[in-house]
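**Q** According to TrEMBL, the record shows the following:
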TRANSMEM  32-51  transmembrane segment
TRANSMEM  63-83  transmembrane segment
TRANSMEM  119-138  transmembrane segment
TRANSMEM  158-175  transmembrane segment
TRANSMEM  196-215  transmembrane segment
TRANSMEM  227-245  transmembrane segment
TRANSMEM  257-288  transmembrane segment
TRANSMEM  294-313  transmembrane segment
Amino acid sequence: MRPAFAVGLVFAGCCSNVIFLELLVRKHPGCGNIVTFAQFLFIAVEGFLFEADLGRKPPAIPIRYYAIMVTMFFTVSVVNNYALNLNIAMPLHMIFRSGSLIANMILGIIILKKRYSIFKYTSIALVSAGIFICTFMSAKQVTPHSSLRENDGFQAFAWWLLGIGALTFALLMSARMGIFQETLYKQFGKHSKEALFYNHALPLPGFIILASDIYDHAVLFNKSELYQVPVLGVTMPLMWFYLLVNVITQYVCIRGVFILTTECASLTVTLVVTLRKFVSLIFSILYFQNPFTLWHWLGTSFVFIGTLMYTEVWNNLGTTKSQLQKDDKKN
């Protein structure tokens, strides 16, 4: 598939997914485990039926490589969540995760020996700065949460340093995972559907330790008000409807991401995903009528300019203009 189609899937699926995720979280803030489990289960079942052919089709990429990839993903998720218990405020947590573009570029230079143009370096800096500004200004509306009480002196500073170390590790591990995927596809070929299946099927046993929490929220979902689904005319609890749409849009989103990993370089994939996060943030602010300040507009301009610089749109326009002039001369 063409990269443009994959980018369309990412933005359409992920941005609409944010709406229903926020609707779920606003009603039940602790429903993250059941949402994640439902998403993984849906994608794994779909892949088992249509990609793995009920388990009869052997994987093109050895399972051991998928196991490494899943381990990286699981580690990043656990470390990111645990960092909130290490005296790290939510705004700082969000800002750190917005630095994935820079981390991906740094590891690409170190591991893959890549070199980029000055426009690429500048664009990544602008996009990261824009997301930093918008994330920070939005995070000011959120009350920071930490499981630690007020601590004085060296102990509090030591916990904070440990939290910074955890976030840094998770950021670099996430970037390393993207590069690992890129090298796998170069070695074994492009298999986006297969990667999508195994990356969601292999972690399923891990949800056993979360079974109690998942069951509790399933009971809560059953108690929500009834809702009649348009067109279909089916009546179901509202929370289950939100979850169903969230799962479907998440599938569209993640399918686009995995197609991108087979069609584009790791840095490009990271840029698209980061831009998607930015658009989701802006969309969430507008849809749920959250404040949108001048700082948000400044961040928006940074992201827009950085994106144009990264795609080198001016060079492409110049090439197109020269080609048109040549065609005119021929005619």
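Backbone N, Cα and C define each Cβ position, glycine as well.
Any idea what these are sitting next to in the structure?
**A** Residues of the same chain lying 6 or more positions beyond the ends of the transmembrane segment (32-51) and with a Cβ under 8 Å from any Cβ of it are 21, 24-25, 57, 193-194, 196-198, 200-201, 203-204, 207, 210, 213-214, 217-218, 221, 243, 246-248, 250-251, 254.
Listed by sequence, the residues of this chain that lie at least six past the ends of the transmembrane segment (63-83) yet keep a Cβ under 8 A from its Cβ atoms are 93, 97, 163, 166-167, 169-170, 173-174, 176-177, 180-181, 184, 188, 195, 198-199, 202-203, 206.
If you look at the transmembrane segment (294-313), the same-chain residues 6 or more away from its ends with a CB under 8 A from one of its CBs are 117, 119-120, 122-134, 137-138, 271, 275, 278, 282, 285.
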**Q** Hey, which bits of the same chain come close to the transmembrane segment (196-215), Cβ under 8 Å, at least six residues off its ends?
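**A** Those are 30, 33-34, 36-37, 39-41, 43-44, 46-48, 51-52, 59, 61, 63, 66-67, 69-70, 73-74, 254-255, 258, in sequence order.
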